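Contents: one structure, followed by commentary.
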Amino acid sequence: MTAMNSLASLIWMGIALRVGLLIYATVQDTHPVIKYTDIDYSVFSDAAAYLVSPVGPNSPFARSTYRYTPLLAYMMIPNIVLHQLFGKILFCICDLVVGAFLFAILRILGRMHGIDTMPPRRACLYAALWTLNPFVAVISTRGSAESVVAALVLGSLWGILSGRMRTGAVLFGIAVHFKIYPIIYAVPFWFGVDWASTITLKTSKSRTKFKMCFWSWRRVEFALISGSTFIALTYVMYILHGDEFINEAYLYHIIRKDHRHNFSLYFYEMYLKSSLIFQAQETQTLAQRLAYIFGAIGSFLPQLGLVGFVGIMFAHDLPTACFLQTFAFVMLNKYFLWYICLLPLVLPFSRLTCDRWQRGIVLVVAWVVGQCIWLSQAYRLEHLGHNTFTELWLSGIVFFVINVFILNTIIANQSIT
């Protein structure tokens with residue numbers, strides 16, 4: 001079977017899965033109590049409606065809780081002028097684009113070994129972990145825009161590994177504009193985009209040569225293109241929507257403290273201090289405001305330190321570096337499962353899927369158990385109204401310890417690609 005035939009078969013199966021879920025969503029959304037579509041999808045659609053309203057404020061931020069780049073709202077305008085399913089179809093297409101990028105990157109990684117260790121059929125099997133993953137498909141068909149960022153990140157990685165550095169740089173700039181967190185990949189991308197210079201850096205004793213290699217033109221060009229793309233998009237959105245865009249799309253996420261439900265070790269502290277968060281700004285003292293801002297920024301420092309260190313140490317293997325960075329970032333943060341799109345690039349070269357597969361099963365079981373413990377307390381809090389904040393925090397600590405164990409085991413069993 002040729003590479004194109006293998007990829008086409010995978011994509012068609014992915015399309016069938018998502019079409020089935022979209023049909024189910026249409027039926028389930030008629031249910032008066034339990035709806036399939038995520039509330040965020042309504043937020044996106046409402047924001048787009050404000051943009052095209054002839055009498056409205058023409059700002060997506062007129063919709064409360066819209067905390068995204070206006071670019072997403074512009075992308076959702078066909079939801080208003082064409083059909084309400086447009087956004088979901090767009091997100092599903094991005095899902096499939098991620099699958100195609102995974103297939104292409106796996107083929108490249110296979111050739112990097114000198115012989116083709118990743119034939120089309122094998123590449124399809126690993127790419128199917130995303131493309132045919134019911135969990136992934138459900139997220140997109142419910143109306144989550146996470147697949148857009150995943151497609152941009154995988155596109156950046158594909159551009160660098162395939163020698164299309166400029167394309168990768170443009171996609172990386174768009175990814176960072178779309179959502180802040182991909183900026184963590186700047187560290188491994190900087191070293192990985194010109195690995196020949198990185199090797200020279202390790203052996204060079206000359207300060208001049210060190211500087212020349214560190215600031216190689218290929219790296220500088222990548223930074224200039226990606227930075228210019230980010231700045232251009234951000235500037236256009238700022239011209240259109242002003243300070244409100246910066247405050248809601250970027251600053252909000254930096255100082256945000258979600259005291260309700262997250263995996264952060266700071267969860268209980270955020271809950272205890274939640275009264276300050278909702279206190280009217282005019283009644284807060286300067287000390288309270290500064291404590292809130294510096295506390296939010298300070299909680300990011302361990303994350304930035306760890307992901308930066310991991311990015312440098314594994315820059316020789318970009319897919320692994322990006323996966324480990326994302327896993328570490330999620331482990332220390334409030335968010336979840338951003339690393340799934342990178343997992344198929346790591347598994348083929350891990351001993352956990354070969355001679356140490358038993359350990360791999362242990363990791364999966366440990367992750368599921370930790371997740372179930374946390375979800376049980378979250379369910380009691382959200383749906384039963386029980387006061388389980390302490391239990392939720394303790395279960396988050398248990399899940400954190402499990403993730404540390406998983407991260408350490410993955411690193412110890414990873415081969416160099």
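Backbone N, Cα and C define each Cβ position, glycine as well.
Automatic prediction, not curation, is the source of TrEMBL annotations.
Keep in mind that what you see is a predicted model, and the values were worked out from it rather than measured.
Annotation source TrEMBL lists transmembrane segment at 7-27, 85-106, 127-160, 180-201, 222-241, 290-315, 335-354, 361-380, 392-411.
For the transmembrane segment (335-354), the partner stretch with the most Cβ pairs below 8 Å, chosen from 7-27, 85-106, 127-160, 222-241, 392-411, is 127-160. Within its own chain, the transmembrane segment (127-160) has Cβ neighbours under 8 Å at 7, 10-11, 13-14, 17-18, 21-22, 25, 36-38, 40-42, 44, 68, 72, 75, 87-88, 90-92, 94-106, 108, 166-169, 171-172, 174-175, 178-179, 182, 185, 189, 192-193, 222, 318-319, 322, 338, 340-345, 347, counting only residues six or more beyond its boundaries.
Residues 261, 263, 352, 386, 388, 391-392, 395-396, 398-399, 402-403, 405-406, 409-410 of the same chain, all 6+ positions outside the transmembrane segment (361-380), place their C-beta atoms under 8 angstroms from a C-beta of that stretch.
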